[in-house]
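K.L.:
Take this structure, written in structure tokens, and hold onto it; I'll ask about it next.
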Amino acid sequence: MATKIGFIGGGMMAMAIAEGLVQQGKFSKDQILISETYPPRREYLLENGWELVESRKLVEESELAFLAVKPYDVSKVLGALSNIAGSRATIVSIAAGVSLETMQSYNPDFTYVRVMPNTPCLVNYGASAVSSTSPELAEKVRDIMSAVGIAVIVPESQIDAVTCISGSGPAYGYVFIETLADAGVMKGLSRETAKALAIQTVLGAAQMVKQTEGHPAQLRNNVESPGGTTIAAVRALEKSGFRDAVYSAVEACHDRLKEMGNM
């Protein structure tokens with residue numbers, strides 16, 4: 001029988017991973033099980049050809065069961081999975097702020113892995129971090145997540161930092177792209193042109209950092225001609241607290257994670 005994986009929760013993040021795995025040929029749709037309780041979402045998943053099952057059946061039949069629910073639902077969901085005879089599933093949690101130790105206390109029947117993915121997994125540009133007390137399981141999950149982007153193994157103590165950088169990071173990028181495009185519209189560009197230029201500029205900058213392996217500061221210096229327009233623009237960003245705004249966003253994310261972990 002082919003290996004099956006499951007997703008307890010069929011929300012956006014879970015389906016970004018599931019669809020990315022199918023697109024990359026890592027798993028076929030009939031190897032993926034979904035458990036979802038929200039009726040409109042169930043209808044959407046069924047219409048798109050996904051197999052829906054109850055969570056206990058999912059765990060019984062899956063080798064890896066991704067726990068893709070809100071952090072405040074983790075205790076309830078894991079409690080409902082107690083005493084499943086013969087289950088060999090590993091629970092792979094993508095719930096932010098819920099530690100391996102906490103999940104073990106909710107249900108000691110399973111082995112747990114934590115993953116912090118992000119939604120670009122859907123387009124195979126995901127950035128995921130994996131943490132587990134089992135190096136073998138961490139490698140196994142990293143191999144799966146590498147099909148939809150990059151995946152790294154980190155100590156669990158660093159997972160919250162990962163959440164604030166790559167987990168929430170796409171939203172920061174969207175805000176910047178939106179703002180850059182809006183500025184273009186303000187200066188007379190059409191919305192379509194401004195958006196296309198903003199997207200490609202951010203994408204190109206990221207590729208420059210990745211492919212040249214240069215420090216971002218050096219690449220920035222290469223663009224800043226003495227007395228030129230770019231250095232004037234960067235100075236305006238600095239005066240407006242651009243860096244501090246990014247630091248503050250990461251701190252706010254981290255503070256919220258701590259609050260969620262205490263729920």
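Placement of Cβ uses the backbone N, Cα and C atoms for every residue, glycine included.
Unlike curated entries, TrEMBL annotations are predicted automatically.
Copied straight from TrEMBL:
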- 4-97: domain 'Pyrroline-5-carboxylate reductase catalytic N-terminal' (DOMAIN)
- Ile8, Gly9, Gly10, Gly11, Met12, Met13, Ala68, Val69, Lys70, Pro71: NADP(+) binding site (BINDING)
- 156-260: domain 'Pyrroline-5-carboxylate reductase dimerisation' (DOMAIN)
K.L.:
Over all shown protein chains, what is the count of other CB atoms within 10 A of the CB belonging to Ala68 (NADP(+) binding site)?
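P.N.:
For Ala68 (NADP(+) binding site), the 10 Å Cβ neighbour count is 28.
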K.L.:
Listed NADP(+)-binding residues Ile8, Gly9, Gly10, Gly11, Met12, Met13, Ala68, Val69, Lys70, Pro71 - what's their greatest C-alpha to C-alpha distance in Å?
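P.N.:
Maximum Cα-Cα distance: 15 Å.
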K.L.:
What number of additional C-beta atoms lies within 10 angstroms of the C-beta atom of Met12 (NADP(+) binding site)?
P.N.:
10
K.L.:
List the helix, strand and coil residue totals of the domain 'Pyrroline-5-carboxylate reductase catalytic N-terminal' (4-97) as derived from DSSP.
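P.N.:
Its residues fall into 40 helix, 18 strand, 36 coil.
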K.L.:
Within a 10 Å radius around the Cβ, which one of these binding-site residues has the most neighbouring Cβ atoms: Ile8, Gly10?
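P.N.:
Counting every other Cβ within 10 Å of each candidate, the maximum falls on Ile8.
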